[in-house]
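Below: the structure, in C-alpha cells.
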Amino acid sequence: MKTHAFRGSDALLGLTTIVVLLLALEGAVRAGKVNAAIVPPPTVVVQKLMDIVTGGAFLEPLGKTMYLLFVSYAIGCALAVGVGLLMGRYRFVDGLLEPIVEFLRPLPKPALLPPLMLFLGLGDAMKMTVISLGVFFPVLINTVQGVRGTDPVLLDVGRTFGHKPTAALRKIILPSALPLILAGMRVSLGLGLVLVIVAEMMAGTGGIGFLVIDMQRSFRSADMYAWIVILAVLGLLLNALFVRLERRLIHWSYSRAD
C-alpha cells in the first residue's frame, strides 16, 4: 500500500511540474519573450492536436509508422533470439559470429541509411532493414547472456531425466533466459520507434516521421509539435503495453522483486 501511495504521489508531482512548465511557457510566448513562430503557445499546440485527433488525420500516418515498426521489430527479434540461442549454446558459433557482432553492434544504425538507400532504394525494404538491425543487437546480447547464465545444475538434472537438446532448450534454457530476452526486447522497442521516425524523416513519403519533418520545412511549428506529442504518447503506450505483457510472461520474476 505504501509503495502504491508513493508511486501515486510521484506521478502527481511529475504531472504538476509539467503543467507549471507549460503555463510558464504559455506566459512567456504570450508576453513576446519567446518567438511564437519557433515555439508556439502550448494552448495552440493542444488545439492543433485536438483537430488532428478528432478529424482522424492521425490514422493513416500512424498506420504506416506502426506497420514499419512491428514488421521490422518482429524480424529483428526473431533473428536475434535464434542467433543468440546458437551463440550462447555453442562455442563454435560464438567464435564465428562474435567478431561480426562486435564490429556492427556499436555502429550507429542511422549511419547505414545512405548506403542502404543506394542498395535498396527509398522504399520500405530499406527502412525495415535499418530498423531490424537496430532492434537486433540488444536482443541478441541479452539472449546470449541469458543462455550462458542458465544454472548448470538445472541442465544436469535435465540430462538425468533424459532430456534431449531440444527439450532442454524448451524446458530449461528458454525459461531461464526469458527475463533477459524480454528486457532486451523492451529496449529494442524504443530503439525501433526512434529508427522508424529517423528513416521516415530521411526517406519517407508518409508516416509520422515524414509529417514532423514536413511540418518543420513548411514552418508549421504548431502542427509539428502536435505530431511530436502524438509520438510521445505512442512511445508511452507501447512501453506500458510491453510491461504488461512482460509481467504476464515472467510473473514469477516480478513476484520475487515485489
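From the backbone N, Cα and C atoms, a Cβ is placed for every residue, glycine too.
Per TrEMBL, the feature domain 'ABC transmembrane type-1' maps to 62-242. According to TrEMBL, the transmembrane segment annotation covers 66-87, 189-213, 225-245.
Within its own chain, the transmembrane segment (66-87) is flanked in space by residues 93-94, 97-98, 101, 124, 127-128, 131-144, 146-147, 169, 173-174, 181, 184-185, 188-189, 192-193, 195-196, 199-200, 207, which lie at least six positions past its ends and keep a Cβ under 8 Å from the stretch.
Within its own chain, the transmembrane segment (189-213) has Cβ neighbours under 8 Å at 60-62, 64-65, 68-69, 72-73, 76, 109-110, 113, 117, 122, 126-127, 130-131, 134-135, 138, 223-224, 227-228, 230-231, 234-235, 238-239, 242, counting only residues six or more beyond its boundaries.
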